[in-house]
């Protein structure tokens with residue numbers, strides 16, 4: 001790469017390689033900051049101010065998380081307000097660093113056009129030495145090195161970069177809580193005799209109301225009577241999709257011959273990949289599609305995975321019909337619902353052995 005041409009005179013020589021005239025470089029227009037020390041100092045303060053905005057954004061996000069985190073989980077307006085302030089803080093933290101870096105490069109760093117001639121793939125030793133020199137020149141131009149050190153810029157940039165991740169990490173780590181007991185994922189509100197109700201109105205479902213090809217979004221009866229906080233926790237685990245197939249199309253799985261009723265089957269609505277709600281049913285193929293990563297489950301064959309990144313079938317809820325014709329659960333799921341984790345089939349809970357390759361996921 002050749003040195004910058006400060007005069008930027010037009011080179012009207014003809015390129016022998018293609019016979020075309022070389023137009024040369026355009027006239028260089030110096031910036032105010034290059035000529036006026038006051039403008040240079042003003043640009044430096046502007047960059048520092050942008051980094052200061054980033055620092056302020058991080059402080060706002062942390063303030064919102066710690067001072068407003070006692071919002072009632074059932075009050076959507078309170079949750080929206082907390083998220084709004086955290087989001088605003090994150091926006092300022094990121095945009096401040098980005099705009100500050102751009103303004104720094106455009107107003108304070110060297111503003112000369114450079115010419116790089118084509119050469120072999122491997123650079124010559126001289127070019128490599130030149131590249132190292134350019135890095136050193138860049139450090140000098142930016143004020144990170146050399147005689148003209150910009151301490152305010154370095155301090156504000158380092159501070160902004162150092163604390164900006166806190167706006168993301170602190171809420172994430174704080175929301176993990178101190179409870180790492182995964183056994184709670186093995187159990188839901190479902191149990192013997194619990195009736196299936198429609199989501200969200202809670203209306204009970206009779207077997208006679210479920211026609212072939214129909215799909216019901218289902219919750220346990222009594223879920224809506226819980227406190228808002230516990231309702232959200234339990235609903236996240238207990239939501240079910242109820243489907244009725246032609247009994248001739250349903251391939252009953254070994255050991256689960258009595259888990260369905262006249263073609264009616266119930267499967268967890270939580271995808272076994274990362275926990276998205278599986279709610280798109282293809283009536284002709286009997287496939288359930290997860291909209292997040294396109295994992296596809298075959299309802300007619302035990303909700304086994306036929307496409308996508310999921311590694312195990314959707315857990316099946318064993319169902320029956322009571323004396324009044326309502327669909328009820330025979331028991332809870334026989335395995336943890338939702339995304340797989342390494343010790344899914346370990347622990348003190350009674351969980352059927354899984355010798356397939358999916359058990360290790």
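Note that Cβ sites are derived from N, Cα and C of the backbone, with glycine treated the same way.
Within the set 7-26, 27-46, 47-66, the record from TrEMBL flags 47-66 under the feature transmembrane segment. Sequence-remote contacts of a segment are chain residues at least 6 beyond its ends whose Cβ falls under 8 Å from one of its Cβ atoms, and for the transmembrane segment (47-66) they are 82, 85-86, 88-97, 99-100, 103-104, 107-108, 152-153, 156-157, 159-160, 163-164, 166-167, 170-171, 174. Long-range contacts of the transmembrane segment (86-105) within its own chain (CB-CB distance under 8 A, at least 6 residues past either end) are made by residues 43, 46-48, 50-65, 142, 153, 156-157, 160-161, 164, 167-168, 171.
Mapped onto DSSP classes, the compositional bias 'Basic and acidic residues' (32-41) shows 9 helix, 0 strand, 1 coil. DSSP states for the domain 'Rieske' (237-328), grouped as helix (H, G, I), strand (E, B) and coil, give 5 helix, 33 strand, 54 coil.
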